[in-house]
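Since the structure comes first, as structure tokens, the remarks are kept for the end.
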Amino acid sequence: MTKISPSILSADFANLKEEILDVERGGADYIHVDVMDGQFVPNITMGPLVVKAIRPVTKLPLDVHLMIKNPDKFIHEFVEVGADILTVHAEASPHLDRTIQTIKDAGIKAGVVINPATPVALIQHVLPNVDLVLLMTVNPGFGGQSFIHYVLNKVEEVDKLRKEQGLRFEIEVDGGVNADTAKLCKDAGVDVLVAGSAIFNQRDRAKAIASIRNG
Ligand SMILES: O=C(CO)[C@@H](O)[C@H](O)COP(=O)(O)O
Ligand SMILES: [Co+2]
């Protein structure tokens with residue numbers, strides 16, 4: 001069954017605990033946390049303090065998406081506060097192999113992510129080392145943007161490499177996911193759908209999650 005990772009970027013931050021519990025009750029599989037530094041992306045959001053605060057709120061794995069320069073500098077801090085999956089942008093790490101190894105050595109799951117215009121070739125050699133490959137379906141920085149359709153070709157490309165090499169990482173997409181685009185993603189080989197506005201902008205989160213999962 002396709003997993004759903006609601007992005008709390010679109011949640012009501014004044015009621016973050018309730019918002020997380022609501023999507024947990026509504027069937028979410030992960031909680032997606034968007035960390036932005038105002039440098040790698042043109043926006044600033046949350047950091048380790050927020051991860052630490054929400055860790056005791058939910059039993060769900062925290063799926064932390066690092067949109068920051070020099071991710072190596074912060075890996076141990078995010079591990080210590082309770083991240084379960086730490087996903088780093090290939091474009092932000094000059095030593096990607098080392099970055100992934102550092103995450104794995106710290107005992108949590110390592111993910112790698114590329115922007116829409118970045119070719120799959122950039123992450124090809126690290127595919128055997130990761131637990132998750134995230135393909136951005138918007139340019140990172142903001143919630144509520146439109147899905148970029150050409151990324152579906154990259155999903156198919158990564159899925160093909162996964163099958164050819166007998167690898168077991170999950171393929172996740174992030175950005176502009178709703179019930180309509182979710183269907184296209186699943187058909188292309190996606191295992192985990194991140195959705196922010198399509199879940200948190202709806203009153204009934206269980207219904208929103210179900211319609212994305214079954215879309
Ligand atoms: O990483 C990001 C944006 O950079 C995402 O996780 C967004 O938060 C997704 O928001 P929607 O497009 O689903 O509203
Ligand atoms: Co994200």
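Each residue, glycine too, has its Cβ placed from N, Cα and C.
The Cβ of ASP34 (active site, proton acceptor) has 24 neighbouring Cβ atoms from other residues within 10 Å, across all protein chains displayed. The annotation active site, proton acceptor is assigned in TrEMBL to ASP34.
Within the same chain, the residues at least 6 positions away from ASP174 (active site, proton donor) whose Cβ sits under 8 Å from its Cβ are SER7, HIS32, HIS65, VAL113, LEU134, LEU135, MET136, THR137, VAL138, PRO140, VAL194, listed in sequence order. The active site, proton donor feature in TrEMBL is assigned to ASP174.
The substrate binding site annotation in TrEMBL covers SER7, HIS65, GLY141, PHE142, GLY143, GLY144, ASP174, GLY175, GLY176, GLY196, SER197. Here the Cβ of SER7 (substrate binding site) has 25 other Cβ atoms within 10 Å, regardless of which shown protein chain they belong to.
Among the features that TrEMBL reports, divalent metal cation binding site is placed at HIS32, ASP34, HIS65, ASP174.
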Where ligand 2 binds, which of the recorded positions ASP34, HIS65, GLY143 are close by, with Cβ under 6 Å?
ASP34, HIS65
In angstrom units, rounded to an integer, how far apart are the Cα atoms of GLY143 (substrate binding site) and ASP34 (active site, proton acceptor)?
10
Name, in the order they occur in the sequence, the residues of the same chain whose CB lies under 8 A from the CB of SER197 (substrate binding site) and which sit 6 or more residues away.
SER10, GLY143, GLY144
Who sits close to GLY141 (substrate binding site): which same-chain residues at least 6 apart have their Cβ under 8 Å from its Cβ?
MET36, VAL41, PRO42, ASN43, MET67
List the other residues in this chain whose Cβ sits within 8 Å of the Cβ centroid of the substrate site residues SER7, HIS65, GLY141, PHE142, GLY143, GLY144, ASP174, GLY175, GLY176, GLY196, SER197, in sequence order.
LEU9, SER10, ASP34, VAL138, PRO140, GLN145, VAL194
HIS65 (divalent metal cation binding site) CB neighbourhood, other CB atoms within 10 A:
27
